[in-house]
Amino acid sequence: MKASSGDQGSPPCFLRFPRPVRVVSGAEAELKCVVLGEPPPVVVWEKGGQQLAASERLSFLADGAEHGLLLNGALPTDAGVYVCRARNVAGEAYAAAAITVLEPPASEPEPQPAELPLPPPGSGEGAPVFLAGPRSQWVLRGAEVVLTCQAGGLPEPTLYWEKDGMALDEVWDSSHFALEPGRAEDGPGASLALRILAARLPDSGVYVCHARNAHGHAQAGALLQVQQPPESPPADPDEAPAPVVEPLKCAPKTFWVNEGKHAKFRCYVMGKPEPEIEWHWEGLPLLPDRRRLMYRDRDGGFVLKVLYCQAKDRGLYVCAARNSAGQTLSAVQLHVKEPRLRFTRPLQDVEGREHGIAVLECKVPNSRIPTAWFREDQRLLPCRKYEQIEEGTVRRLIIHRLKADDDGVYLCEMRGRVRTVANVTVKGPILKRLPRKLDVLEGENAVLLVETLEAGVQGRWSRDGEELPAICQTTSGHMHALVLPGVTREDAGEVTFSLGNSHTTALLRVKCIKHSPPGPPVSAEMFKGQKNTVLLTWKPPEPAPETPFIYRLERQEVGSEDWIQCFSIEKAGAVEVPGDCVPSEGDYRFRICAVSGHGRSPHVVFHGSAHLVPTARLVAGLEDVQVYDGEDAVFSLDLSTIIQGTWFLNGEELKSNEPEGQVEPGALRYHVEQKGLQHRLILHAVKHQDSGALVGFSCPGVQDSAALTIQESPVHILSPQNKVSLTFTTSDRVVLTCELSRVDFPAMWYKDGQKVEESELLVVKMDGRKHRLILPEAKVQDSGEFECRTEGVSAFFNVTVQDPPVHIVDPREHVFVHAITSECVMLACEVDREDAPVRWYKDGQEVEENDFVVLENEGPHRRLVLPATQPSDGGEFQCVAGDERAYFTVTITDVSSWIVYPSGKVYVAAVCLERVVLTCELCRPWAEVRWTKDGEEVVESPALLLQKEDTIRRLVLPAVQLEDSGEYLCEIDDESASFTVTVTEPPVRILYPRDEVALIAVTLECVVLMCELSQEDAPVRWYKDGLEVEESEALVLERDGARCRLVLPAAQPEDGGEFVCDAGDDSAFFTVTVTAPPERIVHPAARSLDLHFGAPGRVELRCEVAPAGSQVRWYKDGLEVEASDALHLGAEGPTRTLTLPHAQPEDAGEYVCETRDEAITFNVILAEPPVQFLAPETAPSPLSVAPGEPVVLSCELSRAGAPVIWSHNGKPVQEGEGLELHAEGPRRVLCIQAAGPAHAGLYTCQSGAAPGAPSLSFTVQVAEPLPVKLVSELTPLTVHEGDDATFRCEVSPADADVTWLRNGAVVAPGPQVEMARNGSSRILTLRGCQLGDAGTVTVRAGSTAASARLHVRETELLFLRRLQDVRAEEGQDVCLEVETGRVGAVGAVRWVRGGQPLPHDSRLSMAQDGHIHRLFIHGVVLADQGTYGCESHNDRTLARLSVRPRQLRVLRPLEDVTISEGGSATFQLELSQEGVTGEWARGGVRLHPGPKCHIHSEGQSHQLVLSGLGLADSGCVSFTADSLRCAARLVVREVPVTIVRGPQDLEVTEGDTATFECELSQALADVTWEKDGRALTPSPRLRLQALGTRRLLQLRRCGPSDAGTYSCAVGTARAGPVRLIVHDRTVEVLSELLSVSAREGDGATFECTVSEAETTGRWELGGRLLRPGARVRIRQEGKKHILVLSELRPEDAGEVRFQAGPAQSLALLEVEALPLQMCRRPPREKTILVGRRAVLEVTVSRSGGHVFWLREGAQLCPGDKYEMRSHGPTHSLVIRDVRPEDQGTYCCQAGQDSAHTRLLVEGFSLLPLDHVSLS
């Protein structure tokens, strides 16, 4: 059965892999790794495939998830690869690392291992280690600086220095740097000192010393700060000091910044020597502080940054740079722009002591303006640390518990980001704190500086709580530096400098440079080699990664989705995966990836899958066990994989299908466990006679045994192991249990050293190993030390019995008591227990009973009585009962003073319509008072109410008015209490607008700002940009009742700004923006006009704009025009003009006049003059031509584009039939190609078709036809052979016929002869002339003739396609080919080799195909190699033939073979050569001849025969010879599995286990079990097991539904069906239930015993099924079933029923109810306003108790007025809509207990409707 990994936990995973180690012989080598898994994996170390065991030199370390291997005194034989194997039930993982042991140097004798001293740091083989690092230094300019570092390592490292990340030779000016190499002083190693002569200010920076060798790299850094020496005073006191900087030669640049913003100045300076930089402000040198930062950026620029600029920061800033060659200056004037709205009082700088407080305070213009506090860029929220207070316009920040990091810049910000800034200086041991955060790029240097108050003190640097190494820390005087060179991501975190109780922290953030992960491995292949193994091969990624990386191999079981890590390998190549690495048998796939510190490559999956079977191997074997008589004996062993096994005891097999069992009835009991890889056998309570028993374990591949030895055990105490302290309360049952190692062994009990005696109050019991001492009802006097003593060993119990805690029931709240002298005062307190002691205290002192103080106890009531009080008896009294207290405040008033409160004059300030209450408290409730106002007694009315409540007297003014101001007196006898009431108008509020208003207007528009107040006559003031406005013609202030207006009748842009309407207590804000009016074109109204003008002529375009000062721009055809001589632009008032004085036709087009907001378009059209004939000026004379002659008539017009009409004798001329019409610019032409009689007549050219249009006429006369004759002679021709020859002549007339002759014979047209005519031209063409075509060509026309001679020259034979170089393999056929320009005669070309004619050889042949000539070389040999050529009389071409030796090839490849298991397979291939030696391999493993492997070769054939094949032999079979590789696949099919022995019929009793078993012919086969034809799947009750060839089906707790027919199937084989019969199990009740009577709150236990142990029962109470819960516990102990009910309630009473199958038992449960009591009572008095809802609430002692509510003795019923609620033990009475008549005493009755509450109803008056005003 296979178990999924998800059910077993998580497989092992290496978080940190072991690293390779190189050590010198005799040194110590250690490998460490971190591996996690669930459950925690078992880790073993292996070398060479063998597990390592601990020895004197080899030890294994384990600390949680960290595991290590420590090798002492390493020897050369210890070198090799060590494998860490981690395994748990969920999987397995591997990691490997190599240990290299080097021989020590020959010059030094090798020390003996016993005398080997510890090597000094850095002297061992490995990466460099710094023995001493450079120290940070602070020097003055001109001083000499020496930085030294020492490093060790083998081989000796190379040292070199860098400054600020640059090599020293890259530093701009490093001529004064000197390097001084040396040797380490205290041992092997190297040192390198950097000496800086006459240090300069630019030499400041971080210097890093690097040490590098073949094993790694190390670095250490230091900070150098070169400071300017202090200025010395002038020798002559009268002499003025020299100016700091020279005067500026030009005006400085100007820079504006808003107040509260940052200003950044950057100065980039170059020079050699590197210049020194100083910053000055207003001629004074600047030093860095909290708000002025000076640094150098990454580009080399010098930066001054002024943070949170204020008005005082304005001024001239100068950057002065100087070196030995001179100085230069750069200056900028800083202006700080102040906001319109400013703080009334800005912040001031403050100082505070560490652990003290600091207070920052400022004032805002208006109390309604919100503010926020910042510490630099961090928003501060109110908390205990930062207390923020707003009092009117004052804003205050209080910083508590000051610490060093609170030092800094603080800001208060209000609306619009208006800020006020102040510095907070924290005085303490740390003067200069760390920056709050530091951002550094990965690989750069990080420097942190701290300055302390005292010099030479030692601080502590840490990162995230871990102390940093000393090599990167430096202390010099007051300065402390931390230098981290070349930071990485691991260096990021919180860096803290601690000095005593002072701390300063910086957040170091490392910005990582993005790196790419490595590429994936390539050429991944899988070979299935030996049985139960698979060979995986691959090659490194391409290109190779730059950073170190490893390979991670993972596996996946086919059918699962989870990939589990197998190995981690450092080098590419091959790895063999055995079956041991998989948790269960199955088919597995594999994939691999490359992993580096920058990420993981994509996975590469190996093609195919492999079937692996875990084989067991003994990891930790059985060991002999020696135990005492009666103890349990535990035998355990660990295997290498999860597999079933069998235990044996004295040769008898123990049943493995039962977790627990007995060897035989009444004999030894045992328990079998298997947890993952571990198997355990537990023998319970072994006896002396079991000594010598032999325990064995067996599973496939593993057998082991061990012996059991039992000895008589001395008694010892199993529990408790240590002294036990127990605490109980009185009446609790106390049970002390002591368990001994031996059964029924006597023990004695002692208390406080005295032997105890049994009685009813103390019971001693012994039950097997357990001895108990029981106190049924513990008392306080039972406290003490109890001892259980036996044979010299004891167990001690320290028992403390306390009274139960006392609770005060009443009062629950603070009680205030007022009395006068001689009056009796009684303070009462009720506790929950009558015998509970209480103590009384007065003002912290315990009260003792005397004549003036009486203490009374009555049941649960405790009283303190003062019979005759005096003023001195007043104070705070406490009644203390256990841990609870009741508080009473007693006030005794002397009878001479009636008025208790107020004792002095009271001042009351109120606003109109506010409620005012004047209260006077008397010492007696019945005393009468008199109220007066300004000496006159007041009269009660709706506007003035007089109230009396107990000792309280009130005067209430519900809605006070201004006239109610005055002095009020509350008088009694000769005493009075004075109240001065001052009534003022309510604060003026702005009703509209509530939010800020933004208005946008245009120039000259009327702008009205309106503000509505809550009072009509309230004064207001208007402000603009912080200044009060004054009324003028441009600004009018209006008032209409509560509405105030500010009017801008004609707003201008300068009127824009922020307006404030201030009403004293409230303000309204307006933002006004005035923009310029739109610039419009008012005339012409149309936006597009078409205008016609004559050309040439004057053109004027005109438009009017508004306002008159608007600017316009003119465009023509989309391009803006500019004024010139030919184009005038004008502007006069609102008129804008564009004038063209002499417009030409080309000036026509689209003109646009555009303002800012509008545009108008003018389409200008220029008319042209009429067309005129320019030439000829007069009518031409008649033109006479002969027939056939061409005629050309032409004229010229005044305009090129003008159309004309030609006519002949009054008729329009049509083109064609020898007539052509042309237009060339202004010229018009009529052509007659060959004039004839029809062409004679009058020709007219008219411009246009309009009547009267200008025209010109021509007269043409055609003469009589002329005789035929030749006009031109023939020209002799000379052509090359194959070319064409063309003869041409002219005849007259053009239509005359001619005759062609060649050598006197008439030529007729044909394929090689073409004749053509073109006008008067006659053409004869002879195609492809040959040498025989030479001769005389003659042409005849009429009576005339002409001849010419044709000469034909022979053509050169040239090569059009030349020879190309050829490479061939020995034995191949080669063809050399050329192409000639013409087809040559046979023998016209010849082939040569090396300049010589080709020899006669049967392998050589030549062929010609038209223009193509070829040379064939058959079966080329190495001797044929050379230069070959092809020649003609006129041309030559050469090419190189290269012949390489014959290559080995496969003529007949290998073929895949499929064979059955146990058969033979034959592989055969044929090569191209004989006598080739090759290697056969299977699964990547070379094969050698043997009994099952036969290798044979004959000639070109090679044969491999494999016999006796098994399933594991399937895989890839390959043959390799030189560079040739041929492969085929071998598939071994499994022999069908058969069922050797089938299952048998079974009969079992219900509840028992049924097991079906069958046996197969093979161990590795899956069986399917079926029931009634349906396949079965595993479940908690159904288990499928495989034990070798045996297959088991196990059914637990069989029931009737399990009966039926079962069968098993494997492949095509089946067995069965067999029948399972389940007999009913008879259950009887052996012991019946017993009825139980108990009190409420107690518990009850019911027990019932049945005849069968495996029976499941059910419990019912009152017919209700019981389930386990908080008050119900159900358990089963074998045949006994137990029900425990706790915290019984009366409703739990009823019938208890237990039922198990058909058997059942009944009993009764009786619960005696306890009397109902009140736990929480309502207050004695409660005051409610009229119309509200009153709620009275009580809590009783239990839920479900019934209570009654009464009013004045009458019971209340639910209804509209009263509502009764109950929730658990809480009961409430709700009185709706309380009225004065509801006042009275209400009572809650719960059983015999009751609680009373006096309900008081307080009323209020309403104003008459006509007094209500709406606003």
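Glycine is treated like the rest: Cβ placed from N, Cα and C.
As annotated by TrEMBL, domain 'Ig-like' applies to 12-100, 243-330, 804-891, 914-982, 986-1075, 1078-1163, 1169-1261, 1267-1351, 1355-1442, 1536-1610, 1702-1790 (among others). For 105-124, the entry in TrEMBL reads region 'Disordered'. What TrEMBL records for 106-122 is compositional bias 'Pro residues'. TrEMBL lists 517-615 with the feature domain 'Fibronectin type-III'.
Counting Cβ pairs under 8 Å to the domain 'Ig-like' (1702-1790), the top-ranked stretch among 12-100, 804-891, 914-982, 986-1075 is 804-891.
Confidence across the domain 'Fibronectin type-III' (517-615), taken as the mean pLDDT and rounded to a whole number, stands at 84. When each of 243-330, 517-615, 986-1075 is scored by its Cβ pairs under 8 Å to the domain 'Ig-like' (12-100), the top-ranked stretch turns out to be 517-615. Secondary structure by DSSP for the domain 'Ig-like' (1169-1261): 3 helix, 47 strand, 43 coil. The DSSP breakdown of the domain 'Ig-like' (1536-1610), given as helix, strand and coil counts, is 3 helix, 40 strand, 32 coil. In terms of DSSP helix, strand and coil, the domain 'Ig-like' (1078-1163) has 3 helix, 54 strand, 29 coil. Sorting the domain 'Ig-like' (804-891) by DSSP state (H, G, I as helix; E, B as strand; all else coil) yields 3 helix, 48 strand, 37 coil.
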